[in-house]
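Q: As annotated in TrEMBL:
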BINDING   66, 69, 71, 73, 75, 87  Ca(2+) 1 binding site
BINDING   162  substrate binding site
BINDING   193, 244  Ca(2+) 2 binding site
SIGNAL    1-22  signal peptide
């Protein structure tokens, strides 16, 4: 057999293994099967972030919500059908945005590499790329090779996505269920340095917290007064407020600084201060170098939750529907 034939067979084996039977996530999974994949994801993501600076918070939240339900399998992208309510319609996901960006990326990839790049990988890559835009460099490594799930249930989203009303014990258990540690919990909470929250997810801390018309005593009183000027009743479910006051468009360590001043927006933020170990981690993460390093590691761990690889799942042709 001549060298050319040997090379052709080797390439074929690599392509088959690379797109079907990899068995685990790895760097540059699409290096041969779709060499431009990661560049296209970044190009489209950066184009959108350049015109919409609130997008990074949306895409990182989408990735988080995807991974906590059935693992990082793109199930959060699926539309409901006549006989199934999908994750998208669950209360925690009703305010998700950025699906149009994922669809545009997928469309471009299908044009050059049909049936190769998974929607699950697009979600993971675009979350990283959106946050990276402000730094003009990639902020953490994303291993690829995820495949797409075929099941999406609203009930599972409600049961698995951590609630902003959780206390520390419930948060810790929620993360432990996904093989994530207390350190991961605190570090990933740092993503609240960007984005907004709706009043109805924290206004109970402002009004009648213990049934006596009082505010949550663990909330900075001056901050609480400011929040009451924005969220003027418990029934307000449309007003949005910065999660990291004064710094909600910049990915930095400001969240941890304000958290130490009792200015965490949600009960789940304030809960991190109620545990000594978690509180010590917060003290460390005020340092930008430490936070970026740890965030990179925790995102890598989160991005590997219950992934489908090898021959499991499928590569969706369109991210909102399973293949027929």
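Here the Cβ of each residue, glycine as well, is placed from N, Cα and C on the backbone.
Because the structure is a prediction, the values reported are computed rather than measured.
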Q: Work out how many Å separate residue 162 (substrate binding site) and residue 69 (Ca(2+) 1 binding site) at their Cα atoms, rounded off.
A: 10
Q: Fill in the CA-CA distance, residue 71 (Ca(2+) 1 binding site) to residue 244 (Ca(2+) 2 binding site), as an integer in Å.
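A: Here the two Cα atoms are 28 Å apart.
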Q: Roughly how many Å lie between the Cα atoms of residue 244 (Ca(2+) 2 binding site) and residue 69 (Ca(2+) 1 binding site), rounded to a whole value?
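A: Residue 69 (Ca(2+) 1 binding site) has its Cα 26 Å from the Cα of residue 244 (Ca(2+) 2 binding site).
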Q: List the other residues in this chain whose Cβ sits within 8 Å of the Cβ centroid of the Ca(2+) 1 site residues 66, 69, 71, 73, 75, 87, in sequence order.
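A: Going along the sequence, the neighbours come out as 65, 67, 68, 70, 72, 74, 76, 149, 152.
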Q: Out of 75, 193, which of the binding-site residues is least crowded by other Cβ atoms within 10 Å?
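A: Comparing Cβ neighbour counts within 10 Å for the binding-site residues 75, 193 gives 193.
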